[in-house]
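Beneath this line is the structure, given in structure tokens, with notes to follow.
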Amino acid sequence: MKIMKRLMRYLLPYKHYLLLAILSAILSVTASLYAPIIIGHAIDCIIAIGNVDFSLMSHYLAQLAFVLIVSAFFQKTMMLATNQMTYGSIRDLRQSAFQKFSRLPLKTIDNHSRGDLIARIIADIDIISDGLLQTFSQLFTGLVTIVVTLLFMASINRLIMLLVVVLTPLSLWLTSFIAKRNYHYFRSQSRLRGELSANIEEMVGSMKVVKAFHHEAAAQKQFEEMNQRLYDSGVKSQFFSSIANPATRFINALIYACVGISGAVLVFNGMLTTGQLSSFLAYANQYSKPFNEITGVVSELQNAFASAARVFELLDSEEEIADSSESLPLSKGHVQLDKLKFSYTNQPFIDDFSIDVKSGQHIALVGPTGCGKTTLINLLMRFYELEGGSIKIDGIDIRTVSKKSLRSQIGMVLQDTWLFSGTIRDNIAYGKPNASDEEIIAAAKAAYAHSFIKRLPQGYDTQISEGDNLSAGQKQLLCIARIMLMQPSILILDEATSNIDTRTEVKIQRAFDKIMAGKTSFVVAHRLSTIKEADCILVMKDGRVIEKGNHETLLNQHGFYASLYASQFVQS
């Protein structure tokens with residue numbers, strides 16, 4: 001019920017469609033259920049006069065045609081109103097889910113698989129949509145049919161109507177029994193669909209690696225195991241659903257038989273006409289149909305509720321800290337990190353980390369994988385929030401200014417390049433959408449990307465699809481051109497030249513030296529050739545700085561940096 005109440009909040013803005021759907025359902029069902037009364041009168045008329053009066057029969061046929069047309073019209077109106085209400089509320093729910101996703105801390109996103117998050121926003125909400133559509137289209141009609149049919153049966157003979165009511169709880173109990181047992185399996189299905197989606201997304205992104213290491217069989221086995229678990233869960237959920245329909249049909253057949261036998265007895269005793277019995281049997285059949293439909297609706301609704309639980313779990317996730325409305329003034333690049341504290345899953349990682357970076361300094365961060373280099377960059381960009389200490393730029397705590405103003409003054413080139421579907425021109429101008437063609441070309445030339453761009457089929461108008469039609473080096477050159485265009489106050493390079501040949505790397509380093517003259521830069525790299533000219537090198541391990549100094553100073557200390565340098569250059 002809690003989930004249904006939350007879904008109703010998204011339906012309330014469309015309550016006018018809800019009211020129209022309910023009114024249309026009542027009128028449609030009432031009109032269609034008046035047809036057996038007309039047919040019953042026609043039968044009694046034929047029996048009474050002993051032959052067919054075609055003039056009178058044409059009158060009954062006209063009445064019958066009229067009520068059926070009215071029923072069809074309001075049935076169509078109900079479907080249109082239901083569609084408007086369902087698709088509108090689903091659009092709002094998906095928009096809320098995406099907005100929530102955009103407000104989640106990156107730490108939370110990193111702790112989920114991308115495929116699972118995509119499944120919650122796309123597949124799970126689609127299941128909710130299907131469940132609500134079937135629920136409203138069949139549940140409205142079904143409930144109204146049950147109520148109106150009972151009223152018509154009561155108008156004919158209350159005794160038989162009471163017999164029908166007494167037998168009804170059997171169907172209701174069966175529906176409730178199935179619903180309680182199916183929810184667990186449908187919830188399991190939703191979770192497994194998310195896991196399978198994550199697995200497929202991972203395989204699509206890393207198929208080259210899978211093939212390169214001949215892991216196709218292992219990947220296939222992993223997929224088959226996950227697919228089998230989803231299959232098993234689906235079979236268990238459908239087991240109860242498959243029982244429901246024949247069992248409900250049996251109960252409805254029992255009701256129909258009781259009505260027929262008791263009605264025949266009343267006709268024999270002159271308490272009911274043949275036409276009235278015909279109408280009553282038609283109503284008994286109409287009365288039983290909604291229970292078959294409602295049983296299927298309940299199964300679909302349980303599936304929708306299971307998916308809704310996953311969507312609301314996303315919507316209930318803790319959001320990023322409320323952003324400030326204050327803007328960071330144009331930065332000079334003086335960065336102070338004071339006693340930083342940060343942890344992953346309640347395990348302390350960075351503890352009491354401090355450094356004072358003067359304006360215009362070039363700082364290099366080196367160390368083994370997992371030492372805290374990238375985490376430090378995430379904290380500086382406020383992708384992750386500090387748990388203690390402070391980061392200040394020109395003396396201003398970055399938590400007191402808006403993320404937009406902070407990030408607009410920091411240019412970052414990540415190890416994993418990120419390009420979007422669109423043109424080369426659009427990707428370079430991503431950080432400065434209003435840039436002129438001259439500015440874009442100048443940035444590309446500064447990043448040594450102009451020459452390869454001109455060789456592409458449509459030059460700067462060449463369409464790229466997530467960068468898949470470009471080499472790794474070309475992708476990185478475009479990302480660097482994007483930063484060149486932004487002219488940021490602070491530059492962050494995370495393995496920025498790891499996929500570019502040495503000759504191009506030297507040219508890019510010279511371009512960066514020129515563009516960052518007098519500005520602050522942080523370089524995260526394992527290739528020490530990129531950081532020889534750094535003003536200060538921080539050697540990190542387990543979230544701490546274990547060595548600090550320039551290239552020559554650290555070599556003379558014969559410590560970790562010296563051994564790392566020797567392993568990369570001396571032995572080679």
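Placed from the backbone N, Cα and C atoms, the Cβ positions cover glycine too.
The feature transmembrane segment, as given by TrEMBL for the ranges 22-39, 58-75, sits at 58-75. The range from 3-21, 136-154, 478-496 that TrEMBL describes as transmembrane segment is residues 136-154.
Along the domain 'ABC transporter' (335-567), the predicted structure has mean pLDDT 82.
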